[in-house]
Structure formats: structure tokens, C-alpha cells
Amino acid sequence: MVIITEKEALTKPINFILKKTRNPCDAKAASNAHPGSPSSGEGKEAAIDVEIQDGGMNRLEAAGGSEPERGTWGSNLDFAMSCIAYAVGLGNVWRFPYLCFKNGGGAFLIPYFIAMLTCGIPLFLLEVSVGQYLGVGGMSVVGQLCPIFKGVGYAALMMVFLENVYYIVIVAWTLFYILNTMYSLGSGLPWSSCGKGNGSWAQDNCFNPEGDVPYNQSEPFLLHGYSEKDTQTPVEAYWNNYVLQISGGIDEVGSIRWELAGYLLLAWLGAYLVVWKGLHGSGKILWFSAMFPYAILTILAIKALTLEGAVDGINYLFTPDWNRLTMSECWIDGGTQIFYSYGVGIGALLALGSYNKFNHNCYRDTFVVCSINTFTSFYAAVIIFSILGFMAHEKGVEIADVVKSGPGLAFLVFPEVVLQLTPSAFWSLLFFMMLLALGFDSQFCILESLIVGLVDNWPDYLRPRRLKFTTVMVLFMFVLGLPMITNGGVYVFQLMDFYAASGMSLLWATFFQTFAICYCFGAKKLYTCIEHMTGQKISWYFYLCWMVISPAFMMFIFIFYFAKYTPIKYANTYEYPKWGEVLGFIISSSSMIWVPGYAVYYLWITPGTWNERLRKGITPVIKPRSDAISAIHHGKLFPDDDDAEVELKLVSSEEDKSNNAV
């Protein structure tokens, strides 16, 4: 449901590679201008030839009864750079370190690595290879592989909608730092000392451990009696008291932060203009997007690793607190972060694989992309924990107590390290521009995914009104995001981050998608397809994961989460009220309900006996790409006659429909 038509570039690689491609709705308009075209939904097809040769991507679509040829990567280098661009995102630089610190450092890594080996890498290969074999992408694929589970696509679409609402708040925070850094050029960064915030954000407990005054001679100690553990650094005070102006809890909503509201509106305007013009980029943008974050992170890493106390921070990152493993939140955070980071379960990988050539080595690419993705997460985490070690050393406290863990960890740590660089304002702007690029890139993708998914579900009404519909949706999501920029907004933000597009809901959708592909389409069939497409044997470990290990691990996390349920906390100190927890479960249920809800709806409206309805609901109704059809005809795929017969029936049924339409 997220990525339906082959015109829509919804994953980062495709965004950058489809240079100067027409707006997706322009293509739809062209189809509407030719009522016989495949996109128009009419039976008879007219001849429409469209050739796009931009950014390393060649696409040729031919009609007149022949199957459209799907676009493919122009070269291995283009695909390699796309993998790097795909790997680098806020999920790696912002979310992974925050969850790691929240769950006690090394303890988080245990469920993370287990999930990576049992689910992340195997399911990445599963989705990419399905897209490559069928030549189509998007969550609608699940409904075609197993019609009764079409609700998985709707669940993914709902998660994308909720992710749109809260994800862009990070972009608003980033814009706040960029513009406030620019305002203060020439006078030092606004969070460089407590003196910058006297009378505003610097409260009685603000203490700069890097200043010239020892703590036992400082105002927080002499005048107010604070222990050093209870003080706030200027960076932390600036974030909590000026950027967020945070309240005491979610039940203290307070007023809207109008400055943040302006930045939120600016962020939505930027996203809207890009989606309105259509997602496109050039080869230069591809290279820049892939390498710029690594360049900035490397500069920060060189400085962070040389700070005093950095080794202690890295030790904390890799030393597990075994008691944390008894908490369900650690397992669901670590287990589902791999899905969130790899893009499993929301249709992006199906689309990515569908643009591969039929004989592309997706088996090799799985290890390349997953390795780069995980490396990026750890690269960012090592930098952040090195800085945390430095902050703890300067403050004289344990690393776990140096800052209050929360979704703003990156905004507490990276501003600290840029103070150690000269000129600090220059490096601050570079870092936050990098964060802005990552945030906008992700936001463009998920916004386009949402709009395309909705438009393609109701094409007759929404396609001619796509621009107006996009405008209405952007304004609607902007309004929904306003509660997250109030004084109590960060508490709402954490609820959204935990319950909306990760955790239970993502686990739920991924489980049923895996079931639909492996038990309805057939894991053994797919295993054979991969060997034929890549020309090499793949490990039976993947087949075992698809059929048993991955579903079992997902079920384990889901059951363990409820069996050992612990309420969500903000900064490991603030406990949400009961109604806040209920609100979180309602947010998760808003996407999860689509899977069983659609299954009941399907069984209700489908004619026939209950056995006939069920059999029809688990029978694939999708046609493979032309290369796969040719391989089936020549007996290269599915030596088992039963499998070949099923596949060829799908092909024959499509041909019959076409002939009848003519």
C-alpha cells in the first residue's frame, strides 16, 4: 500500500537516481489523457512509449499488449552509492544511540544483534528478492501474494501516516538550532555557557563543568546546595528550558511554542514543495547525500575519540547491564530497531528490489546494505558515547547519570562536542545541516509514500485532485503535530515514537507480511527463485529463518513484552499516567487493527463456502515479471510440476483477462 505504482520513487536510492523525472501525477495525467493506457484502469491498452534516461536509471515502458519493462539500476556503482544513501538516516544517527543509552548501553545490543541475525538480514533478503522476482514493489504486493492479508498494506500505510506526523518534529528542532546558531554568529554559540541564559533558560542548577570555576566554588553549590549530579550543563539547560520549555509531564500540556510552530510550518512547506514538484535528484545529489554525513561524522569522531573520558563512554556502550534484559522494553526496542533501521515491513525494500534486474545478485547486496546500515548506527553511537564519557568525566558523575535519556539525546550530545571545535559556530552549522539533510530526505520519502498510497487506492477521485489533496493532507498533519511542540510536547513525541511506527505495530505488520510471503507464496519457491536469479546457492539458514526462526523470534518479543510489561518512561524517570499508556496502545492499535479487520471483511464479502473463501484468500493472484515467466516456461524455475503449474495459471489468467478485455 505504501509503494504501489512503478512510477513512484519512494525509497531514498530511487529518489536520488530518478533525476528530473516527471511528477508521478504527471504520468497519471498522461494515462488519463489516453484512456486505454494501463494506468487508466481500462481494459484496452493503447501504445504509450516513455523513455527516461537520467541519473543512472533507464526505463522503457511499452504498451499495446506487452508487459511494461520496469526500470533498472544503470550500474553497480550507482546501486552501491544508493545503498550508502539508503543506509544513512536519522534512524541510525538519532534513534539508535538514543535507544541504546535509554536501555543501558550494551544490554540493548544483545536483542539488537539477535534480531539482526534472525530477522533483519533474512527479512531484508526476503523483501528485496520478492520485489526483484515479481518486478513490482509496495505493500500492495502482500495483498496480491495473499489476498486475505491485504490489511498488512493498510497497516503499513497507517504507520507511514503516523510517522509523517511526528518525524518532522525532529526537522523543526534542527531548524531551531540552525537559525539560532546563525542569529548568534560573532557572539558564540547560545548554549556555550550558563551566562548566555541568565534570566531565561539558565536556572539555579546550571553549571558549566568546563568553566574556570570549580564546582565547590560555584553558585549552584554555594547558594542553592545542589549536588553536582543534580546540575545541568548549559547544553542540557538550553535544550530543556529554551528549545522545549519542557513541563512536568504529559498532563501539563501548556501552550504552543510559537517559535517551534514556525519552524514546523517551514519544515512542512519544504516537504510539500518537493513532493509537489515530484521527488527527483541528480547524480551529484546522490553522491553528496551519501558522503556528506560520513564526512561530518568522521570529523566529529576524530574530536570525540580524543576527549578525556571517551574510552569510558565506549566501554559503557559495549558493556551490558544484565538486569536490563529482564525488562520487556529493552527487547522490543532492540528487536524492532533493526526493522526500523533496515526499512523492513513498510514496503520500501519491495520497491528497492523491484528496480533490480532479474539476474541481479540481491543475495550479495543484502550483506552489503545491512553491513553499511549497522556500521553507520555503531559509528554514530561510538561518537555519542565518547562524548557522554567526556561529559561524565568533566561532571564527575557516572555515565548513566550525565544526562537524562530521552528522544533528544543527539541534541544534548552533539552540541557539546562542537563546543570543543574551532570555530564552533561553523561546525555547529555543518552538523545541524547534516541532520537537516537526513531528516528532510526521510520526510520526503514517507510523505510521498503516504500520498501515493492514498491516491492509488482511490485513483478516480484523488488522482485529478492530487495537488489539492496533498495540500489538505499536509495542513492536516501539521495541525496534528502541534501538540508535540507544546510545553508537554516531547512526552507526546516519545509516545508516538514508541507506539506509532515501531515497537508492537511494526512487529505485527512484519510478522504477517513474512507469513503471507513464506506460507502463501512459498518460502521454498522463493528460495529456488533466488538461486536462479543470482546464479549461486544460498544458505539454507535463510530458509530456516523465513519459515521458523524469524516468526518465532517476533512472536517471542511480542509475548514477552506483554508478559513482562513495564510502563514506558521519559528519561528513565518520568512515568506516564495510565491514560497516557492507554493512548499509546490506541496509537498502535490504529495500524494493527487493519490486519484482522481486513481479513474478516475479506471473508465476509467473498462468495462461496467458508473453505472456498479461505482457499481463495491464501492463493496468490500476482503475475511474475517477464524474465520469471520465461524461466518457468523453460523449466529453469520450479522443477516441481505443481509449482510451475500454479505460476503458469497466474500468467494464463492475466492473458485471458487481457484477451477478454480486447
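Each Cβ is built from the backbone N, Cα and C atoms, and glycine gets one as well.
Unlike curated entries, TrEMBL annotations are predicted automatically.
What TrEMBL records for ALA87, VAL88, ASN92, SER341, ASN373, LEU438, ASP441, SER442 is Na(+) binding site. Around ASN373 (Na(+) binding site), taking its Cβ as the centre, 25 other Cβ atoms fall within 10 Å, counting all chains.
Among the features that TrEMBL reports, disulfide bond is placed at CYS194-CYS206. Other Cβ atoms within 10 Å of the Cβ of CYS194 (disulfide bond), summed over all protein chains shown, number 24.
Look at TrEMBL and you will find 106-126 (among others) tagged as transmembrane segment. Within the chain, the transmembrane segment (106-126) has long-range Cβ neighbours (under 8 A, six or more residues past its boundaries) at 99-100, 316-325, 330-331, 333-339, 342, 344-345, 349, 362-363, 366-367, 369-370, 374, 510, 514, 517-518, 526, 530, 541-542, 545-546, 549-550, 553-554, 557.
The transmembrane segment annotation in TrEMBL covers 132-153 (among others).
If you look up TrEMBL, you'll see 165-183 (among others) marked as transmembrane segment.
As annotated by TrEMBL, transmembrane segment applies to 260-279 (among others).
Remote same-chain partners of the transmembrane segment (291-318), defined as residues 6 or more beyond its termini with a Cβ less than 8 Å from a stretch Cβ, comprise 84, 88, 93, 100, 105-106, 109, 379-383, 385-394, 399-400, 414, 417-418, 420-421, 427, 430-431, 434, 437-438. Residues annotated as transmembrane segment in TrEMBL: 291-318 (among others).
The transmembrane segment feature in TrEMBL is assigned to 338-355 (among others).
Under 8 Å from some Cβ of the transmembrane segment (367-392) lie the Cβ atoms of residues 80, 83-84, 86-88, 91-93, 96-97, 100-101, 105, 116, 120-121, 124, 209, 233, 294, 297, 300-301, 304-305, 307-317, 341-342, 398-399, 401-403, 409-410, 413-414, 416-417, all in the same chain and six or more residues away from its ends. What TrEMBL lists as transmembrane segment is 367-392 (among others).
The transmembrane segment annotation in TrEMBL covers 425-455 (among others).
Counting same-chain residues at least six beyond the ends of the transmembrane segment (467-486), those with a Cβ under 8 angstroms from any Cβ of the stretch are 25, 161, 164-166, 168-169, 172, 247, 253-257, 260-261, 264-265, 268, 271-272, 275-276, 447, 450-451, 454-455, 492-493, 496. Marked as transmembrane segment by TrEMBL: 467-486 (among others).
Among the features that TrEMBL reports, transmembrane segment is placed at 498-521 (among others).
What TrEMBL lists as transmembrane segment is 541-562 (among others). Sequence-distant contacts of the transmembrane segment (541-562), counting only residues of its own chain at least 6 positions beyond either end whose CB sits under 8 Å from a CB of the stretch, comprise 111, 114-115, 118-119, 122-123, 125-126, 328-329, 331-332, 335-336, 504, 507-508, 510-511, 514-515, 517-518, 523-524, 526-527.
If you look up TrEMBL, you'll see 582-605 (among others) marked as transmembrane segment.
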For the C-alpha pair, I'd like the distance in angstrom between CYS194 (disulfide bond) and ASN92 (Na(+) binding site), rounded off. 31
